[in-house]
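Report on the following structure.
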Amino acid sequence: MEKFTVHTGRAVPLRYSNVDTDQIIPAVYLKRVSRTGFEDGLFAAWRANDPEFVLNKPEFEGGTVLIAGSDFGTGSSREHAVWALQDYGFKAVLAPRYADIFRGNSLKGGLLTVVLDEQVIERLWDMVEADPATEVTVDLERREVRAPGIAESFELDDYTRWRLREGLDDIALTLRHTEEIDAFEARRASWSPVTQ
Amino acid sequence: MARTMAEKVWAEHVVRRAEGEPDLLYIDLHLVHEVTSPQAFEGLRLANRPVRRPDLTIATEDHNVPTENILAPIADPVSRTQIDTLRKNCSDFGVRLHPMGDIDQGIVHVVGPQLGLTQPGMTVVCGDSHTSTHGAFGALAFGIGTSQVEHVLATQTLPMTPFKTMAVTVNGSLNEGVTAKDIILAVIARIGTGGGQGYVIEYRGEAIRELSMEARMTVCNMSIEAGARAGMIAPDDTTFAYIKGRPHAPQGADWDAAVAHWQSLGTDDGAAYDHEVVIDAADLSPFVTWGTNPGQGVALDGAVPAPEDFASPAQRASTEKALAYMGLQAGTPMRDIRVDTVFLGSCTNGRIEDLRAAAEVIKGRKVADDVRMLVVPGSMRVKEQAADEGLDAVFRAAGAEWREAGCSMCLGMNPDQLKPGERSASTSNRNFEGRQGKGGRTHLVSPLVAAATAVRGTLSSPADL
């Protein structure tokens, strides 16, 4: 996993709330067995059908910070949603609230999902729409989002922050505790079901 | 100290707890399907890691399954590759797989319970958000992403931060014609698609206690549509009777020990929830969705709402967008909405009781001329049982299509899809834009409403027939 410390880039304002993972990447793109190359599936239906959709506007091309409405990433657990955002070039998402599974997936995979107040999101939307060249900084070191005239701190637990900054693989971390897993298994009820 | 069921099950599975870190939680059962697992197995290969507990892992094929000609090679080469990849992965890593053509193949959330693998007090995960289904047994069951699938395969654990707890209490008894699906659609409309975020919901109260095991699975299944990772119902005699005698149920002295333990799992008197919602069963009636998320629902007796019916600007905007996508006018009575397709199936409503309930309505009647009805059993066992009971003949005689087991029209990953602009009444769980096929329009309904709608061609309840 790539380390995340501080990222500065242009932003893409997505003025929708309740964006489900079926919109982020439709099911038809989930048939692949690879781990990369999902950028073509990102918001595929909206990109194909709506010329006014924000990712179809040349002025927002190359944006790396997605600014979305509340309840971003609801629905299906597909981690492909995170991969599609990353493959397209996004490094961070800012929104007032996320669906739990999506948030978990994003923080596992190094896509920093930041929770900001609805009013701050509104101000960022207005600012970025007025000037698409506006740069937004997402600073994990200081847990702060900055843009011209805005410096908003955000919350993220120390453990997750440490993992993201170090780019650490969760599995390797857990495997350090194999003895504790062995001990737990030794005390499981004998009637616990097995599949084979 | 008095504890909730979710807290008890959590505590029993903590492998390691350390200050400033998430708990390391043991996973009792890992369900696997073809869509969210390929990259996880690939990760194991790259790191040269084995599956730690193949004996706590089971796989089935469901999302890509063509429900016609199930034994023929899949025509879509990309779907076929995904299925072949699962087969190779299961073979290479020693995981039990029920492939197409096997009598135990079916939707992963139908297969686990019917084999008796889902039991009270367990932790159950799957790379699928509808894993919440298994909470109907008093298990802590939740969907995970592919990174976590790999983590469970490698370690049989997950680092997790505890959920908050919410009680949804449904007092009193349901009226005739009102089902588990109507309960959960009403709950989602009440608390919203984000209302359960961060929570595990425990469903309780008389109306929940009176539900069969299969109906309880319908309720817990759609917890995720309220934003909750997991839903749970305390195990009771209904639960034990369902599990007893199934292939993986404990036997003899083990059964007694297991039941004694399971009986200790219910929430203690006086335990506090972080949030409580109370619903009166008498207020519930057949419920259907009008919009493009599962919270956009209304009683079948009601009408399509207008954007100005909502207080917040965000809700007004999303209502406007939903009405445009759905091709609906505000104020239209729900019963006037005409459908092209009726889909009976999915992990929400593809079990034997769902098929029985719909067959009872449709028996001796005909599917309306301009309507196509797909009946898709949730598993091959369900299909077999339905055939033994003659339900297949009832559906066929009515003009419905009787299919093989799979996820089918719940999501657009297999040949069963809506065409652009087509409208369905569907017993599945999501009415998102394009969910059932590009440009398709979905109304979520119960099996009873699905059957009555198939006959009349417009959204209907059996009472309308």
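The backbone N, Cα and C atoms fix where each Cβ goes, and this holds for glycine too.
What TrEMBL says about a protein is an automatic prediction, not a curated fact.
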Record-annotated [4Fe-4S] cluster site (TrEMBL): member among B:CYS220, B:CYS347 besides B:CYS407, B:CYS410: B:CYS347
The correct three-state DSSP answer for B:CYS407 ([4Fe-4S] cluster binding site) is coil
Residues close to [4Fe-4S] cluster site centre defined by B:CYS347, B:CYS407, B:CYS410, Cβ within 8 Å: B:ASP62, B:HIS63, B:ILE107, B:HIS130, B:GLY345, B:SER346, B:THR348, B:GLY350, B:GLY378, B:GLY406, B:SER408, B:LEU411, B:SER428, B:ASN429
Can you give me the same-chain residues 6 or more apart in sequence from B:CYS410 ([4Fe-4S] cluster binding site) with a CB-CB distance under 8 Å? B:PHE343, B:GLY345, B:SER346, B:CYS347, B:THR348, B:SER426, B:SER428, B:ASN429, B:ARG430, B:ARG435, B:GLN436
To which of the binding-site residues B:CYS347, B:CYS407 does the lowest count of other Cβ atoms within 10 Å belong? B:CYS347
